[in-house]
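Student: Sharing a structure below in structure tokens format, with a few things to ask.
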């Protein structure tokens with residue numbers, strides 16, 4: 001069967017249904033399958049692969065983290081990745097439209113939108129900081145190299161002296177370097193130039209999360225640049241992002257390779273790599289290590305964000321998304337491991353110069369990218385060049401994910417509203433979302449912005465992702481039915497899902513997800529930023545952000561049950577869980593077999609496995625809702641249209657029924 005591209009919007013369309021126009025216009029919107037794979041790689045491979053994965057290895061004893069990481073990838077990451085890709089591709093809908101599979105669970109889609117909104121807001125702030133460092137690297141001497149700047153404190157101690165590189169001979173430079181290292185070792189608390197530059201100049205950080213201070217205008221300007229770049233790349237939807245991603249998804253690997261080659265040639269690099277690969281076996285049995293590995297899989301692959309479903313919805317119906325899921329997931333994992341080699345070689349070099357163990361050379365979290373790495377870059381020859389390449393790489397990695405986050409929100413809005421105007425003016429929707437995202441990100445550019453950024457990072461997209469993924473698995477496998485979904489995948493791909501994926505979807509993945517959720521609750525510890533302890537009211541805000549995405553699920557479920565027909569709660573619940581008649585492939589020519597149209601006076605489409613009486617009942621409910629909407633519109637215009645076709649104006653107070 002020939003796949004239909006976006007150039008044939010009338011093929012298989014049902015007249016008078018604007019949503020169908022959108023479904024047909026998006027089917028096959030990727031120029032070719034390479035664009036989809038690269039875009040998905042750019043979405044999954046982001047900033048988390050550069051600093052979060054190496055940090056978790058760093059904290060959990062190097063190689064001891066690798067074993068649980070690969071186990072979680074195989075039994076949880078890849079199966080869930082394939083589930084979301086096949087889900088979106090089969091229905092050709094975004095994270096809201098796909099829930100025609102079981103309308104009561106549409107709140108899962110709204111939860112994905114909320115998560116994507118939170119991540120999109122603070123993720124672009126991280127990108128804008130990378131922009132800021134990129135612009136500041138356009139100089140002969142990196143400004144965070146020495147301690148003789150107005151923002152430095154007496155505790156600042158650089159790896160090399162302030163005047164070593166300027167006017168000392170090679171012998172004197174060597175002597176000063178040794179003395180400087182000795183001073184660093186003897187200090188009880190060393191503050192690096194890059195850390196003081198980060199805290200006192202870039203952030204000008206306040207003393208607490210409640211003290212906003214002033215807006216950092218340079219960061220605000222970079223935030224505007226970042227959102228503008230994202231909008232320009234998405235101005236024509238996935239067609240334009242598909243072209244851009246040829247560059248954004250491949251260039252980071254070029255930079256990583258350059259930095260890797262340079263890193264392994266530095267003195268002490270082998271010590272960092274040994275630390276990275278040598279496991280501390282006593283930590284393998286630590287549940288915290290397994291929990292960190294599982295959380296990294298969710299974070300790096302982007303499961304439950306809604307972006308995977310959205311990107312897959314633009315595929316051709318018979319595209320082999322099983323192959324894509326294997327390629328993208330393994331590429332993501334390999335990128336994390338590769339980035340670990342790059343960073344740990346640099347950390348080994350820093351440890352060698354400071355004469356300290358590798359385990360004590362770096363900070364955690366954002367500090368690894370904006371404190372430790374910039375400090376290492378100052379020790380490299382032609383440091384401004386390496387700094388430019390590194391931060392340009394961070395920008396591209398961040399933009400690859402941000403493209404898909406914004407497209408997820410825009411697609412969900414367009415699919416949900418579905419009017420002709422919205423479909424024709426999708427660019428306006430994209431611009432509106434970008435402007436709102438910029439405005440919501442302004443508080444993160446204040447002096448207290450880093451506190452809020454870490455609060456959102458730790459709460460807005462943590463255990464809520466676990467809950468969303470678990471409910472999605474339960475809905476598809478047990479409410480809709482695993483046999484039904486396996487037949488859908490076979491109808492789409494031409495072969496059923498492999499046995500391994502069937503077992504993972506039904507049993508292994510939900511169990512692992514449940515384990516992560518229980519572990520997150522039991523091992524909960526309030527977040528801190530260095531020595532700063534977050535106050536209780538800020539933690540309450542963090543939990544509110546986390547719950548705001550999860551609470552969408554029960555709220556919408558109750559709403560759907562209350563609007564469903566039935567004399568008892570059980571009948572309403574059964575009706576709300578039942579798949580919508582329009583669930584299935586978007587194009588009429590793909591609705592074959594169980595989805596073939598039935599000749600009926602009531603409908604031209606029918607959901608398989610339903611009785612005709614149930615279909616009639618559901619269609620009657622929809623017809624009544626349309627009649628109520630028509631009556632409301634007529635009342636506004638002071639003209640009430642009766643159900644029998646008679647017209648009664650405002651001057652006739654007693655209309656006939």
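From the backbone N, Cα and C atoms, a Cβ is placed for every residue, glycine too.
According to TrEMBL, the record shows the following:
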type	residues	note
REGION	1-26	region 'Disordered'
TRANSMEM	36-54	transmembrane segment
BINDING	42, 45, 300, 332, 397	Na(+) 1 binding site
TRANSMEM	66-87	transmembrane segment
TRANSMEM	108-135	transmembrane segment
DISULFID	147-156	disulfide bond
TRANSMEM	217-238	transmembrane segment
TRANSMEM	250-277	transmembrane segment
TRANSMEM	297-314	transmembrane segment
TRANSMEM	326-351	transmembrane segment
TRANSMEM	385-406	transmembrane segment
TRANSMEM	427-453	transmembrane segment
TRANSMEM	459-482	transmembrane segment
TRANSMEM	503-524	transmembrane segment
TRANSMEM	536-559	transmembrane segment
REGION	594-657	region 'Disordered'
COMPBIAS	604-636	compositional bias 'Basic and acidic residues'
COMPBIAS	638-657	compositional bias 'Polar residues'
Student: For a quick check of understanding: among the binding-site residues 300, 332, which residue's Cβ has the most other Cβ atoms within 10 Å?
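Tutor: Compared across 300, 332, the most Cβ atoms within 10 Å surround 332.
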Student: Output the single range from 66-87, 108-135, 217-238, 385-406, 536-559 maximising the number of Cβ pairs under 8 Å to the transmembrane segment (427-453).
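Tutor: Answer is 217-238, with the largest number of Cβ pairs below 8 Å.
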Student: Measuring Cα to Cα, how many angstrom lie between residue 397 (Na(+) 1 binding site) and residue 147 (disulfide bond)?
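Tutor: About 31 Å separate the Cα atoms of these two residues.
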Student: Determine the most Cβ-crowded residue among the recorded positions 147, 156, 397, using a 10 Å radius around each Cβ and all protein chains in the structure.
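Tutor: Compared across 147, 156, 397, the most Cβ atoms within 10 Å surround 397.
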Student: To the transmembrane segment (66-87), which of 217-238, 297-314, 459-482, 536-559 is linked by the most Cβ pairs under 8 Å?
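Tutor: The listed stretch sharing the most Cβ pairs with the transmembrane segment (66-87) is 297-314.
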Student: Is the transmembrane segment (459-482) close to the transmembrane segment (217-238), in the sense of at least 3 CB pairs under 8 angstroms with a sequence gap of 6 or more?
Tutor: no
Student: Cβ pairs under 8 Å with the transmembrane segment (108-135): which stretch of 250-277, 385-406, 459-482, 503-524, 536-559 has the most?
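Tutor: Ranking 250-277, 385-406, 459-482, 503-524, 536-559 by Cβ pairs under 8 Å to the transmembrane segment (108-135) puts 385-406 first.
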Student: Can you see whether the transmembrane segment (459-482) and the transmembrane segment (250-277) are touching - at least 3 CB pairs under 8 angstroms, only pairs 6 or more apart in sequence?
Tutor: no
Student: So, taking each listed stretch (250-277, 385-406, 536-559) in turn and counting its Cβ pairs to the transmembrane segment (297-314) that are under 8 angstroms, which one gives the highest count?
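Tutor: Ranked by Cβ pairs under 8 Å, first place goes to 385-406.
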Student: Restricting to the same chain and to residues at least six past its boundaries, which positions have a Cβ under 8 Å from a Cβ of the transmembrane segment (536-559)?
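Tutor: Hits for the transmembrane segment (536-559): 104-108, 110-112, 114-115, 118, 209-210, 451, 455-456, 458-460, 462-464, 467-468, 471, 526-527, 576.
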Student: Could you measure between residue 332 (Na(+) 1 binding site) and residue 156 (disulfide bond) for me? Cα positions, answer in whole angstrom.
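Tutor: Checking the Cα atoms of residue 332 (Na(+) 1 binding site) and residue 156 (disulfide bond) gives a distance of 38 Å.
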Student: Looking only at C-alpha atoms, tell me how far residue 147 (disulfide bond) is from residue 300 (Na(+) 1 binding site), rounded to the nearest Å.
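Tutor: Approximately 36 Å lies between the Cα of residue 147 (disulfide bond) and that of residue 300 (Na(+) 1 binding site).
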